[in-house]
Each structure stands twice: as structure tokens, then as C-alpha cells.
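Shown next, in C-alpha cells, is the structure this report addresses.
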Amino acid sequence: MKIRLLAGLLALGMAAAGCGGATVESSPSASAGAPQGGSSSSAGTVKIAINPWVGYEASANVVAYLLKNELGYTVELPEIKEQLAWEGFENGSVDVIIENWGHPDLKKTFIEEKKVAVEAGSTGNKGVIGWYIPKWMADKYPDITDSKNLNKYADLFKTSESGDKGQLLFGDPSYVSNEDALIKNLKLNFKVVVGGSEAALIKGAQQAQEQQKALLFYFWDPHWLFNKTQLVRVNLPAYTEGCDADPKKVACDYPEMDLDKIVSKKFADTGGKAYELVKNFNWTNDDQNAVANDMTNNGMTGEQAAKKWVEANTAKWQAWIPK
Amino acid sequence: MSSTTAVGAPSRLRLPRWAAPAGVAALIVVAYLVFRGTGTLPHDKEAPQFLAVTELREWIDEHRNESPLFLYFLNYIRLFVGSLYDLFSGALTALGWPGLTGVLGGLAWLAGGWRIALLAVAGVSAFGVLGLWQSSVETLALVAVAVLLSLAIGVPIGVWAGRSARVRRAVTPVLDVMQIMPTFAYLAPLALFFHIGAPAGAIATMIYAIPPAIRITALAVSEVSPTAVEASGSLGATGRQTLFKVVLPLARPTIALAVNQTIMMALSMVVIANLIAAPGLGGDIIRGLSRAQVGIMLPAGVAVVVMAIVLDRMTTALARRGPHARPRRLDLAAAGALAAAGLALIPVLPRAWPEGWTLNVTAEINAVVRWAETSWYPVTTFVKDQTSVLLLNPLESLLTSAPWWLVALTVLAVAWRVSGPRAALTALGCLLAIALLGTWEHAMQTMTTVALAVLITLMIGLLLGVAAARSPRYSAVQRPLLDAAQTMPAFVYLLPALALFETTRFTAIFASIIYAVPPVVRLVEDGIKAVPAEVVEAAVSAGSTPGQLLWKVQLPMARRAILLAANQGIVMTLAMVVVGGLVGAGALGYDVVVGFSQRTDFGLGFVAGVATVLLGVMLDRITQGADRRPSPHRRKST
């Protein structure tokens with residue numbers, strides 16, 4: 001009892017004295033962009049979160065390559081999923097999200113309310129999520145591309161995982177997703193089966209087209225796979241402004257998004273040239289697909305693929321380098 | 001209700017022994033057929049329980065920098081643990097690879113001589129060779145912080161519990177629950193209070209690793225001979241002197257074992273801590289998982305195993321030494337020389353592991369896995385699909401379509417029969433709480449997966465255990481394998497499962513089987529070996545065939561050990577099935593994973609974490625009769 005009283009008094013005293021206590025931001029390891037004492041060769045450290053799809057990695061690796069080799073920064077690429085990365089802005093574990101897919105709710109929370117993040121402009125990539133089937137299915141069942149007819153073909157999509165319903169193959173648990181709501185609101189006799197990764201989706205899609213197997217799956221553009229395997233998008237009810245406002249009531253397709261970059265407020269304020277480079281970074285879907293393709297299908301590491309692209313596209317990236 | 005009393009009370013009528021259980025079973029079947037599809041509790045992602053927790057999290061997020069609880073307490077803890085982690089990772093990074101190798105080698109020499117030192121040097125070099133130097137250092141720092149905190153808190157509590165029976169009685173049930181808690185359950189609350197990142201990861205790891213620190217220390221202290229304590233007291237030593245000069249030195253070897261166990265627990269948690277953005281090798285594992293590339297995961301898994309082996313051997317060597325042994329001067333010199341050599345090389349050699357010395361096998365491993373996939377694909381797919389279609393799906397729909405009250409009554413009846421009324425009521429309470437939390441359907445699905453995995457585990461375990469008990473030569477081959485298997489961090493078992501079966505429910509089942517079989521085999525083997533030789537001899541001389549000996553004598557007499565094995569198997573399987581949420585096992589484990597991936601599902605993940613704990617307690621209570629209840633004088637027909 002005494003101790004509690006004492007602690008209470010102490011807390012009061014500290015508050016009265018204007019000692020603010022510890023906030024989340026007061027983290028010992030927050031070193032965004034600030035020059036580090038130890039090594040004189042490095043201009044600072046930039047932490048670019050890595051989200052689990054190869055297109056994102058392609059962008060991150062090209063930016064990282066330029067930060068390292070043109071501006072002399074140290075770059076860390078921690079594996080942090082989409083929504084956690086936003087939280088990382090708050091305590092300094094993330095400086096940059098290089099490819100953000102919408103997330104108006106997170107923008108509201110972290111940019112407007114908490115003021116720990118800021119937008120850093122478009123990546124130039126146009127992104128759209130959708131439901132896809134292999135082309136042979138669209139050829140064989142012409143009306144399957146209308147979501148209204150999906151229930152008619154649900155039996156084709158049954159697997160041991162989906163039981164007596166059709167399977168809708170999904171990717172990484174962290175991806176942007178309206179799938180549950182769509183199935184419910186469009187009254188589809190389907191079940192979301194989580195493949196767990198982009199790789200599972202790609203493999204499923206390739207097998208489905210090559211071996212003429214049925215598959216309905218979640219996928220997105222920009223993606224190199226569209227250059228290799230013929231896929232057809234299933235038309236969900238068309239997107240209209242605001243039809244996805246309430247996540248529970250979504251009954252429409254995904255919108256085309258202007259993918260953008262988000263950085264921590266701290267990085268925007270103190271990141272110097274690194275921030276400028278991130279802000280200037282802007283390329284096309286084809287650029288990204290080329291790098292992503294090298295990473296996935298030509299056995300290159302992210303760094304090698306980035307180097308190849310950088311060497312071949314000097315004019316493009318030189319426009320990003322701050323003067 | 002009448003059905004349950006029929007189970008509890010021994011039948012007074014002159015009915016055959018099996019009549020009561022069979023009658024109850026028949027009643028349950030009839031009730032299922034009549035009431036199927038009614039009274040089910042389908043899963044609702046938007047259940048108010050989940051939304052409430054999500055809202056709580058939003059509230060906490062908003063007030064993290066305002067509420068005094070956070071400003072003056074939790075955030076300071078976070079800051080403290082964070083600085084501790086930075087200190088360790090900073091120091092380890094500053095040592096660079098030559099320094100770290102030298103220092104760890106020296107410490108290993110001190111602990112157990114040149115062999116252990118060689119192992120440590122080789123192990124540390126392996127991190128570099130695998131191309132995982134930086135992640136390994138981060139994991140090492142995280143483990144160091146977690147273990148240090150565990151010991152700083154656990155050892156004093158353990159000493160206290162060892163000296164006071166009342167404290168021990170208060171602490172034991174808490175530790176019991178902590179030890180059957182699946183790793184996943186720790187993460188959400190910690191992310192809630194300590195945000196994400198290294199500090200939250202270190203705290204989660206600490207909490208997970210603390211039970212053995214407390215338990216084994218308490219055991220060590222309570223086992224110190226009372227004569228020694230008395231003698232010390234009668235010589236006029238104060239309580240404090242007795243503790244520090246007599247009790248603790250005498251208990252030292254056992255306390256070293258506590259350190260060992262704490263480190264092992266910590267290592268199996270640090271990987272999972274990556275889900276809340278803790279740094280280290282877990283990141284590489286998760287990266288491999290989200291790219292479906294075993295080639296990325298395997299080296300990281302090997303690095304964790306190597307780390308486990310090095311630290312295990314070091315601390316085991318420490319534990320083996322006598323209570324008052326001092327290191328010999330020669331060893332001291334050698335260890336010092338090794339450490340000094342490492343430190344001296346720091347300025348000469350680069351701090352980062354030279355890239356030319358790494359062995360990048362990612363592509364090769366991926367190629368092997370691809371080869372295995374393509375050539376075994378028909379077989380693995382067949383096994384996976386048949387298991388799912390023939391066993392998993394029917395069992396799952398059985399459990400999810402049964403009315404909740406029927407499942408509850410069945411659990412009550414079975415638990416009562418196996419473990420007595422008290423355990424049965426606890427199990428029932430847990431099950432009802434699961435229903436109230438809104439996680440019924442997913443809990444039933446998880447239970448299906450667990451049930452199937454346990455069944456297969458027990459079958460394999462019995463087979464191998466019996467084989468080992470009957471053939472000493474086979475046992476000699478198997479034992480080191482079991483030892484090795486039990487030092488490995490749990491998630492390592494996910495890798496081969498994933499390589500063979502991709503992400504499905506079956507993957508988790510396969511992983512949990514290979515995770516849980518070793519302890520089950522061991523318990524069964526020990527149980528059968530413990531059957532007195534005279535009994536066996538008597539049976540043999542009475543003309544039993546080996547088969548009869550096994551079925552009529554050895555197995556029934558080893559019943560307790562086998563039930564204990566079942567209990568262990570269930571608890572371990574549940575832990576693994578929940579982690580299996582990462583590799584395609586749906587239900588509760590996946591809910592936890594989603595809870596970290598999607599902010600709007602935080603509540604779902606949090607509640608699912610709680611539900612896994614309840615499920616664990618329930619399954620444990622149903623089967624714990626093995627420990628407490630004396631084996632019945634009449635043989636059971638089970």
C-alpha cells in the first residue's frame with residue numbers, strides 16, 4: 001500500500017515537474033538518416049521495410065542500390081509486413097515503405113492523427129488487385145468471367161482444402177483483402193484458402209494454365225507473371241467511388257490504385273539526400289516487372305537485378321539523384 | 001446430466017465392465033444424429049468480442065503517449081529492454097566476427113575444455129559461412145537479453161519458491177499454465193503493451209523462457225541437503241550467509257541446468273517473435289515462408305540449431321562440473337589466449353564476415369526441393385489429399401456440426417472418466433469460455449487437427465517405443481537421435497513439412513508429428529522398461545508368447561507412462577498446430593497470424609491466442625489423469 005502511494009506521488013511529482021515520461025518515439029535505436037559515429041564512410045542508415053511480394057522488393061532493391069552506391073548510405077531491408085511497417089514508423093524501426101497499396105485507414109491514423117508518417121509521392125506504378133483464372137477456363141466457359149456465374153462453376157474449383165465449396169486461393173495473410181466480404185456479400189459458394197505466399201499463387205497459376213486445372217485466385221498487376229502465363233480477370237461488380245468505404249459491405253471490384261511511397265516524419269525531416277531520392281523515385285510497371293522477373297526467374301539476388309537495371313537505365317535514375 | 005453421473009459412479013448393477021462407457025458412447029452418437037446441425041456456433045469474423053479487443057487496441061494506440069501507465073511504467077520497461085538489446089547487439093557487432101569467435105571460444109573452453117571450445121568456434125563460424133552473420137548476431141543478442149532477464153527474475157523467484165512451500169504452491173499452477181501455452185499466445189498482448197520491435201520480442205521470449213528458470217532453481221534449492229543448511233545455521237551463519245555460501249553453491253550444477261533449459265526455450269521463441277518485428281534469424285525464416293523458398297529458410301534454421309547446440313553443450317558442460325570445481329590454471333590461460341587472440345584481430349580483420357567465405361546454397365536447396373516436389377508430387381499430394389478428404393474433413397464437419405452442448409458433455413464425460421471430477425470441471429470451464437469468446441468453430445477445427453496428429457503420433461510413438469524397449473541395440477541407435485530432436489527449436493520441423501506438402505493443414509500435422517514423436521517414444525520406452533523383470537519372467541514362464549507378453553502384461557502395466565505420453569503428445573502437438581498457422585493450418589493459429597498482419601483483425605488474433613491457451617489447458621486436464629490418478633486395479637478395455 002505504502003509503495004503504491006509512493007509510486008503515485010512520484011508519478012504526480014514527475015508530471016508536475018514537467019518530466020514527460022517515456023513516449024513510444026523515445027527509442028534508443030531510432031537513427032533515421034542521422035549520420036552514425038562509428039563509420040565515417042557511411043552517410044547514415046535508411047531502413048526500407050520489405051513487404052512480401054517481388055514487385056515491392058524490386059522497387060526497394062533499386063532504391064537501396066542507388067542509396068548505397070550513389071549516395072553512400074547504409075541500407076537495412078527488414079522483413080516487415082504491410083500494416084506492421086506503418087507501426088514501425090512510430091518507433092523508428094522503419095523509415096520507408098516504397099510501395100503502398102492504398103490503405104486510406106492507415107493514412108488517416110498515422111499521417112493525419114499521429115503525424116508520424118508523410119506521403120512521398122507516387123512510384124509511377126499503377127496497381128490493381130483482382131480475381132483471376134487461367135485462360136483455358138475462359139475459353140472453355142465463356143461466361144465464367146462474370147462473377148454472377150461463378151456459383152454455377154463452383155464445383156470445378158473444389159479441393160481437399162475447401163471441402164464442398166469452391167476454392168478461392170489467396171496469398172500472404174498480410175495482403176490487402178476484401179475476399180471474405182466479397183464472398184459473403186455476393187453470396188458466392190466459395191471459400192478462401194490461404195496459400196500463404198505470392199509463390200503459392202504463381203505456382204498455382206502456372207500449373208493451372210499448363211495442366212488445364214481449374215483455379216480461381218487472388219492476384220495483382222503489376223506482375224511479371226502476366227508476360228509469361230495467360231490469365232484472365234474475373235469481373236466483379238464494377239468499382240465505383242466509395243463502394244469499398246465500409247470493409248464489411250464491400251460488394252465491388254478493387255479500384256486501380258496509384259501506388260505511392262510513405263516515409264516516416266522523422267526521415268522526411270532529417271533524411272536529407274536519401275529522402276530526396278526516395279521522393280524522386282518514379283518508374284513504370286514495365287521497369288518493375290523487368291527487375292522482378294530477373295529476381296524470380298533468372299536467379300538473381302535483389303542487388304544483382306537492381307544493378308542490371310541501373311546500368312541499363314542511367315537516364316531514368318539520374319533524374320532521381322538530388323543535386 | 002444423467003449420462004455423466006452414469007460415467008462417474010461405478011456401476012453397481014451386474015453389468016459387464018464395458019457397458020457404462022459403451023452406453024454413454026451410444027447415447028452421444030444418438031444425440032449427435034438427432035441434434036446434428038443445431039446448436040452450432042459458426043465463426044463470425046465480426047463478433048463483438050473481437051471488435052471490442054480491436055477497439056481496445058486502438059484506444060491504447062491513441063493513448064500510448066498519454067496514459068500514465070504507459071508514460072511512467074510500460075514505456076520505461078520498453079525503453080530499458082530496448083537499451084539492453086542495443087547494448088548487447090552493439091557490443092556483439094563491435095566485437096566483429098574475430099572478436100566474437102574468440103570470446104565465445106574462450107568462454108566455451110572455460111565451461112568445458114577444448115572440445116567445447118572447438119565446437120563453439122566452429123559454430124560461430126558457421127553463422128558466417130551460411131551468410132547469416134548479421135541476423136545471427138541479432139538473434140544472439142535477443143536471446144542474451146531474454147535469458148538474462150529470465151534469470152534475473154526467475155532465479156530469485158525460484159530460490160524463494162525452493163525455500164518456502166507456500167510460495168511454491170502459489171507459483172506452480174501459474175507455471176503449469178505457462179508451459180502449456182502455445183508460443184503464439186504471448187505475442188498479441190505484448191505487442192499491445194510494448195508496441196512492436198526488439199523490446200517486445202525480447203520480453204515475449206523472456207516470459208516464454210522463464211518457467212524452467214523458476215522451476216529448476218526451486219527444485220535445486222529445495223534439494224540441497226537439510227543437514228548442510230542446518231549445520232550452517234548452527235555454526236552461526238545468518239540466513240543470507242547460508243543462502244549465498246551454502247545453498248546456492250550446492251545448487252549450482254542444477255541451476256546451470258536451469259540456464260540451459262531457459263536458453264533452449266528462448267531459442268525456440270526468438271524466431272516466432274519476428275511476427276512482432278523482432279530482428280534476427282526469424283526474419284530470414286519468415287522471408288523464406290513468404291517466398292515459399294525452403295532455400296532461404298533452411299540456412300536460417302540450421303543457424304538456430306547450431307546456436308542451440310553450441311549454447312546447450314556449453315551450459316551442459318557447466319552443469320556437469322562439481323559444485324566447487326574451479327577451472328584449472330591451464331584452461332584459464334588457454335581460454336584467455338583464445339579470447340585475446342580474437343580481440344587482437346578485431347582491428348586487423350573486417351568486422352563483417354568476408355563475403356568470399358560464405359557458402360550460398362539457397363539456389364541449390366531450392367533446386368533440391370523443386371526436384372523433390374516434382375518427383376514425389378504424386379505421392380505427397382495423394383497422401384495429403386486422402387488424409388484431408390478421408391479423415392480431416394469428416395472429423396472437422398463432425399465436430400463443427402455437433403451441438404456445442406453435446407461436445408461439452410462429451411468432454412466432461414471423457415475427462416471425468418480419465419482424470420476425475422476436478423479436472424473434468426476445469427476442462428468444461430475452458431470449453432465454455434472458448435464458446436463465450438466466439439472462437440468455437442475455429443477451436444473445433446484446431447482440435448480436429450490436433451486429434452488426428454496426436455493419434456498418428458501415438459501410433460508411431462508406441463511402435464518405436466515398444467521396439468526400443470524390446471531391442472537394446474535398436475534403442476542405442478535411436479536414443480541419440482531422440483536427444484538431438486529434442487534440442488531443436490520447434491519451428492525447425494516446419495521446414496521439411498513445408499518442402500514436402502506446401503501450405504496445407506496436413507503440413508502442420510506432419511510437422512507436429514515429427515515434433516511430438518521423440519518424447520512420446522521415450523516415455524513409452526521407459527514405461528515398458530520399468531515393468532519389473534520378475535513380472536515379465538513370470539509371464540514368460542507361464543507360457544506367454546512375446547505378443548501376449550506385450551499386450552497382456554507390458555502395455556497394461558505401462559499404462560500410466562503411456563497416458564503421460566499422450567498428455568505430452570497432445571500439449572506439444574497443439575503448440576505445433578498453432579504455429580502451423582504459418583504454413584497453412586487454418587483456424588486458431590491462422591487467426592493469430594492474421595491478427596498481426598491486419599490491424600482490423602487484431603481482436604480476432606488476440607482472442608484466438610487466448611482460446612489456444614484455454615484449449616491447451618482443456619486438453620491437458622482431460623489427459624492429465626496419468627499423473628495423478630493411481631492406475632485402476634481392474635484392467636480397462638481401452
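Heads up, the Cβ atoms here are built off N, Cα and C, so glycines get one too.
Note: TrEMBL annotation is automatic and uncurated.
Noted in TrEMBL for the protein shown:
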DOMAIN    B:136-315  domain 'ABC transmembrane type-1'
DOMAIN    B:443-623  domain 'ABC transmembrane type-1'
TRANSMEM  B:18-35  transmembrane segment
TRANSMEM  B:108-133  transmembrane segment
TRANSMEM  B:140-163  transmembrane segment
TRANSMEM  B:183-210  transmembrane segment
TRANSMEM  B:262-282  transmembrane segment
TRANSMEM  B:294-311  transmembrane segment
TRANSMEM  B:332-349  transmembrane segment
TRANSMEM  B:398-416  transmembrane segment
TRANSMEM  B:423-440  transmembrane segment
TRANSMEM  B:446-469  transmembrane segment
TRANSMEM  B:561-590  transmembrane segment
TRANSMEM  B:602-619  transmembrane segment
So which residues does the transmembrane segment (B:446-469) touch in its own chain, when a touch means Cβ under 8 Å and the partner is 6 or more beyond its ends? 387, 391-392, 395-396, 399, 475, 478-479, 505, 508-509, 512-513, 516-517, 520-525, 527-529, 550, 554-555, 562, 565-566, 569-570, 573-574, 576-578, 580, 585, 587-589, 612, 615, 619
Tell me, please, if the transmembrane segment (B:561-590) and the transmembrane segment (B:183-210) are in contact, taking contact as 3+ Cβ pairs under 8 Å between residues separated by 6 or more positions? yes
Whether the transmembrane segment (B:398-416) meets the transmembrane segment (B:18-35): three or more C-beta pairs under 8 angstroms: yes
Which of B:18-35, B:108-133, B:140-163, B:262-282, B:423-440 contacts the transmembrane segment (B:183-210) most, counting Cβ pairs under 8 Å: B:262-282
Are the transmembrane segment (B:332-349) and the transmembrane segment (B:108-133) close enough to be called in contact, which here means at least 3 C-beta pairs under 8 A that are separated by 6 or more residues? yes
Six or more residues beyond either end and a Cβ under 8 Å away: which residues meet both conditions relative to the transmembrane segment (B:140-163)? 81, 84-85, 88-89, 92, 171, 198, 201-203, 205-206, 209-211, 213-222, 243, 247-248, 251, 255, 258-259, 262-263, 266-267, 269-270, 273, 278-280, 307, 311
Who are the chain neighbours of the transmembrane segment (B:423-440) in space, where the CB to CB distance is under 8 Å and they lie at least 6 residues beyond its ends? 41, 43-44, 47-50, 404, 407-408, 411-413, 415-416, 588, 591, 607-608, 610-611, 614-615, 617-618, 621-622, 624-625
